[in-house]
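What TrEMBL says about this protein:
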{"type": "ACT_SITE", "residues": "C367", "note": "active site, phosphocysteine intermediate"}
{"type": "BINDING", "residues": "N305, I306, C367, S368, D369, G370, W371, D372, R373", "note": "substrate binding site"}
{"type": "COMPBIAS", "residues": "571-585", "note": "compositional bias 'Low complexity'"}
{"type": "DOMAIN", "residues": "155-530", "note": "domain 'Myotubularin phosphatase'"}
{"type": "DOMAIN", "residues": "336-398", "note": "domain 'Tyrosine specific protein phosphatases'"}
{"type": "REGION", "residues": "570-595", "note": "region 'Disordered'"}
Amino acid sequence: MSLLRGLLGMELIGRSVRLFLDFQEKPASLGTFFILIDKEVIYICPFNGPIKGRVYITNYRLYLRSLETDSALILDVPLGVISRIEKMGGATSRGENSYGLDITCKDMRNLRFALKQEGHSRRDMFEILTRYAFPLAHSLPIFAFLNEEKFDVDGWMVYNPVEEYRRQGLPNHHWRITFINKCYELCDTYPALLVVPYRASDDDLRRVATFRSRNRIPVLSWIHPENKTVIMRCSQPLVGMSGKRNKDDEKYLDVIRETNRQVNKLTIYDARPNVNAVANKATGGGYESDDAYHNAELFFLDIHNIHVMRESLKKVKDIVYPNVEESHWLSSLESTHWLEHIKLVLTGAIQVADRVSSGKSSVVVHCSDGWDRTAQLTSLAMLMLDSYYRSIEGFEILVQKEWISFGHKFASRIGHGDKNHADADRSPIFLQFVDCVWQMSKQFPTAFEFNERFLIIILDHLYSCRFGTFLYNCESAREKQKVTERTVSLWSLINSNKDKFKNPFYTKEINRVLYPVASMRHLELWVNYYIRWNPRIKQQQPNPVEQRYMELLALRDEYIKRLEELQLANSPKLSDPSTSPSSPSQMMPHVQTHF
C-alpha cells in the first residue's frame, strides 16, 4: 500500500502498474483498471445509519465493503454517475461523523462518507474522486476510451442508416437519400445521410438551411408503409421580430405536402407552449405563420423547456431520496409536476402518431433547435406506429437514429466527465423519454420485447461513461474522436446477453398501433427506477408474476430437453424408420404446456 499511496498523485493510465481488487465476487472485466484509494471510512447510510467499511476507488468506480457484516458489497458506483463532490465539515468540526465528503449523484442518490479529522485524511480521497469523476477538467480521457471489454457482438453494427431506411421502403419515387451533409457542411449537428423529397435539389436544401435554426432543415424520420404519410423533423424557422419570410422554406414544406397527393394540408407540431414560441422571436426564432404557409396548419403542444424539466426532476429527488414521506406522498408528487410533463410529452406523441396513422396528413415536428422535445416526440410516435421499434434491436436503432445520430446534446445534457454540475444545459430529456417508454410498457405489457431491466441499464450507462454510445453532442464530434473505433458500444453488452433483457410476456404483432392513455389517472411514478435505492422498495423486486412465468418457461424447456434425450436413447430400438420420427423436434407439437 505504501507503493500505491506514492502513486496517488501520478498519472496511472498507460503505465504498467496494474493493481486489481481481490473481491470475493470479482466485477465484470473492464480490462485494466487501477486501485487509486483503499482506506477505511464510515459510510453514513441514510437507511441503516453509520456503517464502518472499506472504500476502494478505481479509475472507473467506487466500491464500499462493510467491515461490520460478512464483507457485503454495499456500494458500487461508477464515477461517471457523480455530479458533485463537496467537503463536509472542517478540522475543528465537532460532533460524530461531521468531517468527510458529500457526493451528489446523477441517478437519484447521494453518498456521505465520514473520515478521521486528523492528518487531512480526506484529501487524497477528494482529489482522486475529483480527478477521475471529472476527467475533462484534468485533461484525462473519459473511461470509455480506456475500457478493454470484449463481447461476442459488436454493438456498433446495430444501426446502419441505409438499411433502416431501406426497411422503411426508401428511397422511392417521392423520397431520396442525399449525401449533401457527408462532411457535415450543411448542418454540423445532423447525420451524414439524410432523406428528403425527390423534387428538392441539394441547392434547394442549402437555401432552406439558411432559414432554419442551426441549419436543421426538415428531413424524414419515418414513412407510413401503407398511406405514405411521413414524420419530418427540423428546428424552428428564423422569423424574428420583423416576421421575416423565406420563399424557399415555404416552397420546401409545400413539396413535402405534395409527396402525398391524398392530403391537402401539412400538419406542423411545435412542441413549445405558444407563449414561448412567440418569445423566441425576440432571439431571431419563431414559428410558421398562417399567412406564409398557406397549406399548413400549426399546433402548439405546450411541452416546457429543458430548465423546467431539470427543476422538476430535482423536486422528484427531494421527495424520493433518502426517504419517502407517506403521509403527504400524493401532494408531494403532484407538486413536482413530473408526471404532468410526462403526460404532455405522451399526449403530443399520440397526436403525431394519430395524424400519420389515420392518413390525414404528413407531419413536421420541431421545438427550438430540434434536438430535445423534437426527439422525444418523433421517437415516441415511431414507437407507437412501428412494432419493429418495440423489439430489443429495433429500440436500439430508434435510440441510435432519432437521438444519437440526429444530435441530441448528450454531453451537454448529462455532463459526461464535466465538473460543472450547475451548467444550465444539464437536463433529463432522455430520461423523460425512457420514462414515457416505461409508461407505455406498463399499459401494453405484451407489446415490447424488452423488460424494465433493459430500460434501467440504458439509463445507468447513460451516466457511467463505460461505453461510448452516449458520448458527445453529435455525429460529427463522434467521428472526429473516432468513438466507434476507440470505445465499446452499450449494445454490445446488451446483445451478448439478450435473454436477461427479454420480456417473457412479449407477443410479436405486426402493424399494431399503440395509443397509450395519457391521463394522470393512468400514469404513475416509476418506483423501480426513482426509488430503487431504498431497501424497502428493493424488496418488491422482481415482479413475482414475471418470475413465476420465467420459472414455468424454464421447466417447460427442461421437460422438452428430457423428452429429446429419451427419444434419442430409444431411437436404435425403433425398427421401422418409416414410422418413427426423424428427429425429436417432430414430436414437439404433441408436448402440452398448460401454463
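Cβ atoms are placed via backbone N, Cα and C, with glycine included.
TrEMBL annotations: computationally assigned, not manually curated.
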Cα distance (Å, whole number) from the residue listed as 'active site, phosphocysteine intermediate' to R373 (substrate binding site): 6
For N305 (substrate binding site), nearby residues of its own chain (Cβ under 8 Å, 6 or more apart in sequence): R272, N276, S368, D372
Which of C367, D369, R373, the listed recorded positions, has fewest other Cβ atoms within 10 Å: D369
Substrate binding residues N305, I306, C367, S368, D369, G370, W371, D372, R373: largest Cα-Cα distance, in Å and rounded to whole number: 12
Additional residues around substrate, ordered along the sequence, whose Cβ is within 8 Å of the centroid of N305, I306, C367, S368, D369, G370, W371, D372, R373: A271, T374
Residues satisfying Cβ distance under 8 Å from W371 (substrate binding site), sequence separation of at least 6: T189, R216, F406, G407, H408, K409
Counts by DSSP class (helix H/G/I, strand E/B, coil) across the domain 'Tyrosine specific protein phosphatases' (336-398): 45 helix, 4 strand, 14 coil
